[in-house]
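Over in TrEMBL, the protein carries these features:
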type: DOMAIN; residues: 32-270; note: domain 'Cdc23'
type: REPEAT; residues: 331-364; note: repeat 'TPR'
type: REPEAT; residues: 365-398; note: repeat 'TPR'
Amino acid sequence: MAASASVVPAAVTAAVVPVLSTSGDFSNLREIKKQLLLIAGLTRERGLLHSSKWSAELAFSLPPLPLAELQPPPPITEEDAQDMDAYTLAKAYFDVKEYDRAAHFLHGCNSKKAYFLYMYSRYLSGEKKKDDETVDSLGPLEKGQVKNEALRELRVELSKKHQARELDGFGLYLYGVVLRKLDLVKEAIDVFVEATHVLPLHWGAWLELCNLITDKEMLKFLSLPDTWMKEFFLAHIYTELQLIEEALQKYQNLIDVGFSKSSYIVSQIAVAYHNIRDIDKALSIFNELRKQDPYRIENMDTFSNLLYVRSMKSELSYLAHNLCEIDKYRVETCCVIGNYYSLRSQHEKAALYFQRALKLNPRYLGAWTLMGHEYMEMKNTSAAIQAYRHAIEVNKRDYRAWYGLGQTYEILKMPFYCLYYYRRAHQLRPNDSRMLVALGECYEKLNQLVEAKKCYWRAYAVGDVEKMALVKLAKLHEQLTESEQAAQCYIKYIQDIYSCGEIVEHLEESTAFRYLAQYYFKCKLWDEASTCAQKCCAFNDTREEGKALLRQILQLRNQGETPSTEMPAPFFLPVSLSANNTPTRRVSPLNLSSATP
């Protein structure tokens, strides 16, 4: 009798829907917490564990609710009551991954919850069979060629329900996933947008939508619901689209309104700083996050990328051992171990762990890109190309994969292919100097020198990471016998490396001093020529030329040759040169293939 008291007619279920409606502001955090707890329960009942975990983590970051404000579970409909036994049994089978068995006992159920679990079980059964077929017989590079045989049947059935407007928010989400798996991207986007309108609290639908948006223009044309969940979505998509300033602003706003304790937001901020190569800031945030949540595995592969860039072997080793103790069969753990072996130049072992990660999840973007890098290190260009192509199939926004393909075709001496891939990488990272320098080199090989000059100058203007753009631009001017412009570029280069305060070994420093010494000598500026010639003597490859030039200057001075008083206005030597100090040296900056694994 007690159970029957909570059963309500199907018509009353409409009363449940307003509870899930969300306003576009954060003025009532208690109401938001209630909504998060409710959706965490609803997603858990349907086996959507990642969405449930996300909602529960976000709810945990908000202040606890008093007993009087805790919400009772949603009312049970007549259909739910009729399907209760079958649903309870099937859910138990679903939880132990017996998906076919779960679907068998749910066949014929009419309630929305049971129907979703029935369809979702069939979908996961197809995914599991697809993975089982390939895990032993084929390597991960061929895995993308095997299809889930259940998808077409699911699409037909869900399409009928969709046309009859019988799908709830969860059903729409599953329909969208099936369409995406069948590469029907436009239809999938429309269905996911509809799902966010019907059930705006379900994070899974927002995340799937995020994975299908390729640029900001596409985002503008989406008709999204005005809800507080939209702010989390926008922050996430801005991070993915490399619009880092906008993303950080969104996350800061979310922290200001009350989500300061959210480990998800903190980790996303760290990822954003990683994406703009603010390595120190990102490392600091990840270290804080590890203190707050020491057993967290999400995003730890990104943390390991940062440790890799800084060559922090002991910290990376500790992280790898720690994650192994927590869960050695997580994708992130395999990637961390792969990065560790890569840092130790054990590239075969590294590739093995990235393959292991892809056996666990063939759609894990980071592992494909990292494996491409390892194959590049092993000079296996065909396997590298295949890995990078798989990374692009998973996510067309992965600039590292496009750049990796460009590098591979550069090795294969195929400049037109190379140009195409570098252009794609540049479109995704328009303010990344490495993409621009690579493009410039490509144009140079194709003898398109005007385009090459534009690329090198743009690379310098956006902030040259590797301090090579000006040297390459100067050499181009040299090639075109534009001596004044070449000298100007070399002077800017020298000024930059002496004023940046970094302790860096610049391989082209001697080249710059040699050219400037000769340029000033031709201009009869003996003092400047003498200073640059003395600098040449500090480098092995220019020492003899420097000494010869100093002897010539001394000889001309003894003969009474007068120095010129004319000199183009922009040309002046850095003050630090007159003090005869040379920058201290360290290892030169890493290239992209290692700097962003």
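Including glycine, each Cβ sits where the backbone N, Cα and C put it.
Here the repeat 'TPR' (365-398) has, by DSSP, the following mix of helix, strand and coil residues: 27 helix, 0 strand, 7 coil. Per DSSP, the secondary structure of the repeat 'TPR' (331-364) breaks down as 27 helix, 0 strand, 7 coil. Looking just at the domain 'Cdc23' (32-270), the mean pLDDT is 89.
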